[in-house]
Amino acid sequence: MNSKIIYSVLVAFFISIITGPILIPLLHKLKFGQNIREEGPKSHQKKAGTPTMGGIIFILATIISMFILIKNPSDEAMFAMYAFIAFGVIGFIDDYLKIARKNNLGLKAKQKMVLLLIVSFAFAYYGANNPEIGTSIIIPFSEKTLDFGIFYIPFIILYFAATTNAVNLTDGLDGLATSITILVMTFFVIVSFNMGHYTLSVFCAVTAGALLGFLKYNAFPAQIFMGDTGSLALGGAVAAVAMILKLPLVVIIVGGIYVLETLSVIIQVISFKLTGKRVFKMSPLHHHFELCGWHETKVVSVFSIVTVILCMIAFLSFK
C-alpha cells in the first residue's frame with residue numbers, strides 16, 4: 001500500500017491529538033456539557049457535564065489533513081468530505097440546542113429528519129447525475145451490479161438517513177462509535193485503494209487517523225463525547241464513501257454493529273407497542289449488555305472484535 005496512506009493516518013492522528021487539549025478545556029469553559037437522559041443506565045448519570053461536540057476535533061483534523069496532503073483533491077474525495085461536513089453541521093445544530101435548552105432535547109424528531117432528508121437528497125441527486133457514480137450498485141458475493149434507475153435517488157436518500165441515524169444510535173458508550181468507525185474506515189481505505197480511488201482512500205485514512213487521535217480522549221472514561229456533531233458526520237462519511245464505490249450493501253456487512261443497534265431499537269419499540277413487553281432490558285443493544293452486567297469496555301471490545309470479523313467477511317464478498 002502507498003506510503004502516503006500511512007502518512008495520512010499519522011498526520012490526522014497528531015492533529016487530532018494536538019486539538020484535544022485545546023478544545024476540551026474550551027468546551028468546559030463554555031459549559032458545553034452533555035445532558036444525560038434520566039431513563040438511561042444509572043451508571044451514566046455521573047457522566048453529566050462531560051463536554052460534548054467533540055466531533056469538532058476529528059472533523060477539523062480530517063479537513064486540515066486533507067488540504068495538507070492533497071493539493072488537488074478529486075471530486076469524489078471532496079464529495080465525501082462535503083457529506084462529512086454537511087451532516088456534521090446538522091449534528092452541531094442539534095448539540096447546540098441541547099446545551100442551550102439545558103436538556104437532552106435538541107432538534108425535534110421531524111425537524112432533524114427533514115434536514116437529514118434534504119441533505120441526503122442533494123447527495124443522492126449528485127450521485128445519480130454523476131457518470132462516475134451512476135445509479136447502479138454492486139451486489140456482494142457476486143460479480144453483478146443492480147441498476148436502480150429512477151429508484152436510485154429515493155434509495156440513496158433512505159440509505160443516507162438510515163446510516164447517519166444508525167451511527168448516531170451506536171454512539172452511546174465511551175469509545176464505541178469511534179472504535180467501530182475506525183475499523184469501518186480502515187476497511188474502506190483498503191477497498192478504495194484497491195479499486196483505484198486513491199484520493200478517496202486518503203480521505204478514509206485521514207478520517208481513521210483523526211478518530212484514532214480522538215479515541216485518546218473518548219475512550220473510557222471519556223473526557224469528551226463526539227455528540228451528534230461527530231456521529232452524524234461519521235454516518236455521512238461512511239454513507240458517501242460506500243456510495244462512491246457503489247457499495248451501499250456492503251455497509252450492511254461491515255457496519256453490522258450499526259445495523260444491530262438500529263434493529264434493537266426498532267424491535268423494542270414495536271414489541272412494546274404491540275405486547276406491552278420489552279425484548280431487551282434497554283435499547284440500543286449496547287445498553288442491554290450493560291444491564292446484563294457487562295462493563296462498557298467489554299461491550300466496546302466485543303463489538304469491535306465482531307466488526308473485525310464482519311470486515312473480513314466483507315472482503316470475501318469481492319469476487
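Just so you know, glycine gets a Cβ as well, placed from its N, Cα and C.
Copied over from Swiss-Prot:
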type     : residues : note
TRANSMEM : 5-25     : transmembrane segment
TRANSMEM : 50-70    : transmembrane segment
TRANSMEM : 77-97    : transmembrane segment
TRANSMEM : 113-133  : transmembrane segment
TRANSMEM : 148-168  : transmembrane segment
TRANSMEM : 173-193  : transmembrane segment
TRANSMEM : 195-215  : transmembrane segment
TRANSMEM : 224-244  : transmembrane segment
TRANSMEM : 247-267  : transmembrane segment
TRANSMEM : 298-318  : transmembrane segment
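Sequence-distant contacts of the transmembrane segment (247-267) (same chain, at least 6 residues past either end, Cβ-Cβ under 8 Å): 137-140, 155-156, 159, 162-163, 165-167, 169-170, 180, 183-184, 187, 191, 238-239, 279-280, 283-286, 288, 303, 306-307, 310-311, 313-314, 317. Same-chain residues lying 6+ beyond the ends of the transmembrane segment (113-133) with a Cβ under 8 Å from its Cβ atoms: 75-76, 79, 82-83, 86-87, 90, 93, 107, 152-161, 164-165, 232, 236, 240, 243-244, 246. If you look at the transmembrane segment (298-318) against the transmembrane segment (50-70), you find fewer than three C-beta pairs under 8 angstroms, all six or more positions apart, and that falls short of contact. When each of the listed stretches 5-25, 50-70, 77-97, 224-244 is scored by C-beta pairs under 8 angstroms to the transmembrane segment (195-215), 5-25 comes out highest.
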